[in-house]
Amino acid sequence: MKYEDAVAKYDPALGIEVHVELGTATKMFDDAPNTFGGGANENTTPTSLGLPGALPVVNRTAIEYAIRIGLALGCEIAESCRFARKNYFYPDLAKNFQTSQADEPIAYDGSIDVELEDGTIVPVAIERAHMEEDAGKNTHVGGASGRIHGADHSLVDYNRAGVPLVEIVTHPITGVGDRAPEVAAAYVRTLRDIFRAIGVSEARMEQGNVRADINVSLRADADAPLGTRTETKNVNSFRSIDRTVRYEIARQAEILDAGGSILQETRHFHETDGSTSSGRPKSDADDYRYFPEPDLVPVAPSRDWVEEIRAGLPELPAARRRRLLDEWGISELEMRDIINADLLDPVEATVVAGAKPDAARKWWMGEIARVAKQKDVEATELATPEHVAELQKLIDDGKLNDKLARKVLAGVVEGRGTPAQVMEADGLQIVEDTGALEAAVDEAIAANPDVVEKIKGGKMQAIGALMGPIMKATRGQADAGTAREMILERINS
Amino acid sequence: MSQDLTRLTAAQLADGMRAGEYTSTDVTRAHLDRIEATDDVIGSFISVTPDAALATAADVDRRRAAGEDLHPFAGVPVSLKDVVVTAGIRTTAGSKMLEDWVPPYDSTVYAKIKDAGLPVLGKTNMDEFAMGSTTEHSAFGPTRNPWDTTTVPGGSSGGAATSAAAYQAPLAVGTDTGGSVRQPAAFTGTVGVKPTYGSVSRYGIVAMASSLDQVGPLGRTVADAAALHQLLAGHDPRDSTSLSDAVPDFLAAVQAGARDGSLKGKRLGTIRQLSADDYDDGVRAAFTQALELAQQAGAEIVEVDMPSLRYALDAYYLIMPSEASSNLARYDGMRFGLRVEPESGPVTAETVMSATRAAGFGAEVKRRILLGTYALSAGYYDAYYGSAQKVRTLVQRDLAAAFEKADVLVSPTAPTTALPFGMESDDDPMALYLGDAATIPANLAGIPGMSLPAGLANGMPVGFQLLAPAREDARLYEVGSAIEALVTDAAGAPVWAGVPTDYAAESATTSA
């Protein structure tokens, strides 16, 4: 069934579980480094390998980050909570149990406002945020698809085993109708922005720092009880989240329409065609034999500590965005682009350093981003906000034009000093010596009689053909406006 | 050298080395020779590590000769139960599952022993994964009781206890989850202590039941056990459940207890629910006699009530297997230890895990994994694990009330003396489980307990158990050393000195 028909006929409900890997220096329960990459099984200790006798110890920073997340999501913070063991056998799970929080999450009962692109605000109720450890990573070798079926053997890398995670679980999100896909993606994006703002994770979707499990169910109308749900696992881009919801709504509607019923199961999302496929049946009766982890003592964050963490939280993304939109007068779309490029911090700092918002945005999103991409580095490694503000001031003062400014920037990027220093050193300041410019203009006119004829004939755009030689002769330091005036003056006189 | 160094206590050996009468190399070699001469019959050791032991001894001797500051017990050899993880030395936990496992890291206990310069003689035999009370459930054969080699040494720290009793080691490290140090100490005429939960780090101790397991010292005297406990105790940042308190002075407690009149006014509580009917006559007689000696020395005997005791055993046999079922899940053939491929069908992670566990675990371990898996299952959790935790709270409450009336609680450690081999029947495991009734409450409540010799019954040692409130381990050493002195005086010699020292191989048949 087409998506549009499906949402016209059925009322979708969403439930989203987001896992975020915390950016702590070490793992959740041991002192192995928590870093992405590295040789296989290098970032491990006896504890993250689950060796006999090894014991876990809770990472205090991970607790602090989990509390930050809880507070940023408006949650209550538990006075005392215990870890539990979730028992199941799987090779990527070194102990064959995952240390998690079952019925005692560190944070619960929160809510956040999710803003859609048109400015609509959708409140999402948060059931809980709990801590757990990540599993290792299996690689299936020898099969066609990289999946376990058909594989010849499998390799396990425990570098990720024991990486601290916080899982955030929503209450059912209802009443969003045909905007369900957009809401799902915007919700995860909102979380991603919060994680970054409060400094708990780099939250890089492409590295799997943030992963979402998307539950979708349909019901006849808003008064009916919730339908049977499916859970699509590990969807890790905003676009994929949108597509997952869209696909599941259409798929489920078709089954329901044909009189069928939805099988409660986990599903996999396929990037190639936007479809989902059946994983394994999942029932609420999955028996993980949870029991309190006897190797750990309860986590009991003092109220003083919680308040200290609350007081230290930075301005959250939504509030900051509203403030800056207001202050800068740029469009929602422009703001979104800046945020997506992860450049809000340097742009804001550049404005603080004296540049106009438009100019600050233009530099970071334009030339600096381009060079960063070319060099495959972070934009913020290339220049400081102070440099950019200074560069813009040189333009505003008429000392540089855009082209010269880019040359100056290149010097700054090379680490050759501040924009003013580079400009001085390279003699890039705009030529105000009209004698040199006049000579260049005369030379260009004399060398290009055919172009001059065209201009005389009214083809003003042909002036461009003279600008090249003029700029070349002046090493780019000519002011284009002045040169153009001179050309016209000479041709028309 | 005319003196047999293996007959000396750890304290005497430490003094002798300090006085320059002999070296650690002499002492270590004497014990290695004794092991060599006797262990074919006794079977205390799964692995003997003579090279490492002698290297440590030589190092200590060199440092002593150079006038370095040494740990008071540096150079005194020790045996380690084979659950203590030792880098470079295979650690089996008595299981086929870990038959060839050589750990890449050190337990905190081993690190402390190395730091203090105690030569490690080897790794001692035990029931597989510490599950059992006879040491018959070892994948490496039985251990025989030196008092009568047709009987078991108790368990699960059977090898630890016999190494101390048979003069193979002056000191032994064991672990106690439900009585696994105290009961073998009782059966072998040695002193065994289960410290307060958290007193000794569990980091690097192969786990059976995390909330019950505790490392404990064994020796022939209360003073030696105290010295080893002193060495092992202390906060460990790698064990979240380890106590952060300063370690009390156990040796001072031993000295205080050994002074005349130290028992005056001490209240010794007998437990109404551990009635005399539950004990063999000989055990009861030896215990009562020791108690009377204490009374004559000024102790006050009071009776305390422990109504929850009748449920304690049930609770223990739910909590212990539940935790064990989860702790033993990691033995799956995927990363270390035994790996067995299925005899037929596809070789997948699941079939390898299944075949490995089927082949690697013994019957008692499988039984407890099944029990625990069942008890934790959805729908049964509240009735089993949940209820057991409530009983645990009741036991703690009863004990707290009992300690209002008594300074220490006393009982025989076990209802019998050492039993013949083959009594532990797979058809009726409960019969032996019941033998743990007196020792289990200490593990459930996390309190310290000690077994020391009360005397003999029909020529076999009887254990006298002391229990103290949590963190009051020193009280055990004080009262224990007083009772030890009374029992020794009454018999004219320490109980342990009566152990036979020659073992005929032909008498050492077992029905196992």
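Each Cβ is built from the backbone N, Cα and C atoms, and glycine gets one as well.
Keep in mind that what you see is a predicted model, and the values were worked out from it rather than measured.
The following features are taken from TrEMBL:
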- B:26-476: domain 'Amidase' (DOMAIN)
- B:LYS81: active site, charge relay system (ACT_SITE)
- B:SER156: active site, charge relay system (ACT_SITE)
- B:SER180: active site, acyl-ester intermediate (ACT_SITE)
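Taking the features listed in TrEMBL, we show where each one sits on the structure.
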residue: B:LYS81; record: active site, charge relay system; DSSP class: strand
residue: B:SER156; record: active site, charge relay system; DSSP class: coil
residue: B:SER180; record: active site, acyl-ester intermediate; DSSP class: coil
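Counting in whole angstrom, the residue listed as 'active site, acyl-ester intermediate' lies 11 from B:LYS81 (active site, charge relay system) by their C-alpha atoms. Under 8 Å, Cβ to Cβ, and six or more positions away along its own chain, B:LYS81 (active site, charge relay system) finds B:LYS123, B:THR124, B:MET126, B:SER157, B:GLY159, B:ALA160, B:ALA172, B:VAL173, B:GLY174, B:THR175. Listed active-site residues: B:SER156, B:SER180. The one with the lowest count of other Cβ atoms within 10 Å of its Cβ is B:SER156.
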